Amino acid sequence: MGTLRLPACLLLIAMISSSNAGLIKKVLRHRRQTLFPPSEQNVTFPSAGHPVVFSHVYTINVPTSSLCSVDLESPDSSHLHPKDINSDHHVTEHTLDEDNQIVFTHRINIPRQACGCIDDLARLKELISRLEMLEGEVSALRDQCSGGGVCCSPETTGEFGTKPYCSGHGNYNAETRGCTCDPGWRGPNCAEPECPASCQGRGQCVKGKCECVKGFGGDDCSLELCLVNCGAHGSCVGGGCICSDGFFGEDCSQAPCLNNCLGRGRCVNGTCYCDEGFSGEDCRERSCPENCHGNGLCVDGECMCSAGYSGEDCSQLTCPNDCNGRGTCVEGICICGSGYQGEDCSQLECLNNCNSRGRCINGQCSCNVGFQGDDCSELSCPNSCWMRGSCRDGQCFCDDGFTGEDCSIRRCPSNCNTRGECINGRCECHAGFAGEDCSKLSCPNNCCNQGSCISGQCICDDGFRGEDCSQKACPNDCLARGYCNNSKCFCQEGFTGEDCSVLACLDNCNLRGSCINGKCMCDGGYEGESCEKRSCINNCQNKGSCMNGQCDCDEGYIGEDCSKVSPAKDLKVGEVDTNTVNLSWYNDMLVTEYLITYVPTSPGGLLMEFTVPGDKTAATVKELEPGIEYLISVYAVLSNNKSIPVSARVATDLPQPEGLRFKSVRETSVEVMWDQLDISFDAWEIHFRNTKEENGKVVSTVPSSQNHFLQSGLGPGQEYEVSINVLKNNIKGPQTSKTVTTKIDGPRQVEVKDMTDSSALISWNLPAAHVDRVTMFYKPSSDPSNKTTVDIFPPDKQYSVDSLRPDTEYTVSIISRRGDATSDPVTTLFTTELDAPTGLQAVSQTEDSITLEWTNSQANANSYRVKYSPISGATRGEEVFPRGPGHTTQATITGLDPGTEHGIGVTAVKNERESLPATTNAATDLDPPRDFEQVKSTETSLTVRWQEPQAKVSGYRLVYISRDGQAEEVEIPVTATTYILPNLTPGMSYTLTLTAERGQRTSRPVSLSASTALSAPK
């Protein structure tokens, strides 16, 4: 039978690789454009000299935001990982039959970032089904062109370089062998929409619109955008956020935290999120286990449990007072023993539980209204009979003197003897009667309470008289030396006194003395028989003369009686220093000398004194202590008599500090030192003032024993005036001042991100201080001499370093610069990623294995992980192979299905790290038909059969050679598993060889020997 060679179709599916070297697993939606009818296709039919083109186009459309992985897992546990490749990637392959010149085009479009969608596994199966239908259509075309038929003219040729379907956006012209694209489309297939300025190389053109990469925007991706929203506290400049004062971070959302959380937590938006074991605004305080479960107070990391709780974290319930030993504690509740009750079993139980008619308080029933008794079993009386009677069965039996339902009404004695009214237990007697029971006769006006009523008659008390004792009597009835009027005696001349018993004095002593037995005893300053003359006080102390009752004092004396010495006046304080005080005064009179005393005003001070001659009016107080307030008094002294003092409070000056110097200057702190003093004082007062801020002053006090101080919380790169003075008794001494400028601070929050095997992006926040530039040094940690230096100028806050070595630790140091000032370096370490192996290829394959070879990574990887999966299947395999000893490594993966194309990814592995994958596609060989055997033999035919191979095949090729060297070949359809070889020579032995085929690929052959039967004798 003649050989029929049909076009074969080869599908190349673009595989998108990830770090896990897997395959695309799912399809969200798909479109299949079938071959028939031709009228629906966008094709210009060629002339006889051009090939007939059959196109099958599959487009798998997915959202551009989705990401895809080549890592195949089971549908319920798949996780996809990103890998950037070109958008709308597709592969087209033409299979050309050299005889018939028919071009079969199969194309599958897999856009960028196709992702695995767990919920659409059914669509994946549908895609596989359609691929099988495609193979069926190819077989159908082969059948149409079989049997010696001619599909195309023999001179027809194919075109390999063009994808003839024009993607639906143009018309393919076989004469020009190319697509004429519609407006807005370009490319050999008209598959690429035109975009303005080709998106500036900063994005991808999708359907005529630029989809910009992160950080760029605009119609043509020419605008540089910030990767994050700078928010209300920053502005976007040149792709980076410029933060307002007091904020930092990539998006200016972070505010500085107090004390930087003391290194015990994270600073987020100005708030410290403390590590476990710490709390407080700046994570200063130690926290307690489980925050004491809200059942106690946390004191220095230890729970002080509230009443009712115990344990390290106050999680254990306790009973109040441990049930007082009168019950059992069960989950914080006391189960009280017999005879006790209450929360802590501290209360005595009441008799019969008060019969539910009252409350039990410490073993005693407090009965409800209407009940009484030890157990509230008795009915009570209204208001408990007011304790004025006894209660029997709810009825009051009142005591004597009380009546009423509740014994609240008083009963009057003898019912007032009918001589009065009983009101509230008291008798209101009628006129003329009195007494508790109105049994007595009464007196007029009750004798005005100034006498006794006896049988209706007033017996007046002393001093009173009259019928009702209403009139006052005079003492001794004025002894008959005067008359009585309203209890007052008006005495006759020569007598006086309350009862006129005293003899009177002449002119009543002129009211300047006392009259005793008719004689005047004059008051001070008066004399004479009737005290009519003035006298001098103390007879002027014999230090002056008395003139008309006033003293004319001798020289140096003053006062009413010349008893005082003339004092100094107008005391003035002159120059004051640390040890001396100058004084001056004046005096109208000459004295013997002046006494000067001085004593500290503080308690316990020693009084000191000295004298100066009386003709001097100035003095200097010496040998005083600095910074002490003294009370200084000046006395005039005359004949050993002192005047009253004239005084002043004066404080000596405090010394000025010396030797002010700066021990250390940092970004936010300055340590200052000074010389110690040998005097006693209270404290040092230190001022730090920002010279550029009105209110930028910080005042601190330091113990007097200390001669150094560290001021923190300063601004980096700021000039401060530092002043120091002495404090004593709330008095400030003179200041000593110097200026100092803090160091500029280094960049903050240095981060290394977007790391690859040869590059990394270094980012930081600008320092608080204004700086001219930032200088970055980076070098391999193991090779410090290989250092690179870069200057970066604000507002730039990141720098991409490249040409790095894979799997190498680098040291990065960044410093701020302003003029000649530099900050301390901020240093961080990072290690570059492993580089992927290169040159991955399949060097050999069998029916169930593929041998791979690749060039080893530059990094010293320990091993390589190989992941593989059939392109159209859902199974996945993974193996780890050790690194080869030379520049390359070979690995063989086994247990594969025959005739299957696999997507393969290889990653370098070192410890827990893994590189990006190197990828390739490779296919196993077709396996041969199985169990090939002869089942029947006749004189002119042989019948053979076989089992179909495991791989999918397009057909079989059977070659049989007779013993005499005649060879024949036949193609057998894929559906057949038996075949009859006709027209054979009787009694001839044959060698039969059977191979499976799919396209250009063939399996290894299987053979058998068979013979036809001998011809029957004629």
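Cβ atoms here come from the backbone N, Cα and C positions, even for glycine.
Over in TrEMBL, the protein carries these features:
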SIGNAL    1-21  signal peptide
DOMAIN    532-563  domain 'EGF-like'
DISULFID  C536-C546  disulfide bond
DISULFID  C553-C562  disulfide bond
DOMAIN    567-657  domain 'Fibronectin type-III'
DOMAIN    746-837  domain 'Fibronectin type-III'
DOMAIN    838-923  domain 'Fibronectin type-III'
DOMAIN    928-1016  domain 'Fibronectin type-III'
Residue list, the domain 'EGF-like' (532-563) vs rest of chain: Cβ under 8 Å, 6 or more residues beyond ends.
-> 507, 510, 512, 524-526, 589-591, 638-639
Least buried of the disulfide-bonded residues C546, C553, C562, going by other Cβ atoms within 10 Å?
-> C546
10 Å Cβ neighbour count around C536 (disulfide bond)?
-> 20
For the domain 'Fibronectin type-III' (838-923), what does DSSP give as the number of helix, strand and coil residues?
-> 0 helix, 52 strand, 34 coil
Simplified DSSP label at C553 (disulfide bond) comes out strand
CA pair C562 (disulfide bond) / C536 (disulfide bond), Å rounded to integer, equals 10
Alpha-carbon spacing, C546 (disulfide bond) to C553 (disulfide bond), which is rounded to whole Å | 9
Hey, how far is C553 (disulfide bond) from C536 (disulfide bond), Cα to Cα, in Å?
-> 11
In three-state terms from DSSP, label C536 (disulfide bond) for me.
-> coil
Can you count helix, strand and coil residues in the domain 'Fibronectin type-III' (746-837) using DSSP?
-> 0 helix, 47 strand, 45 coil
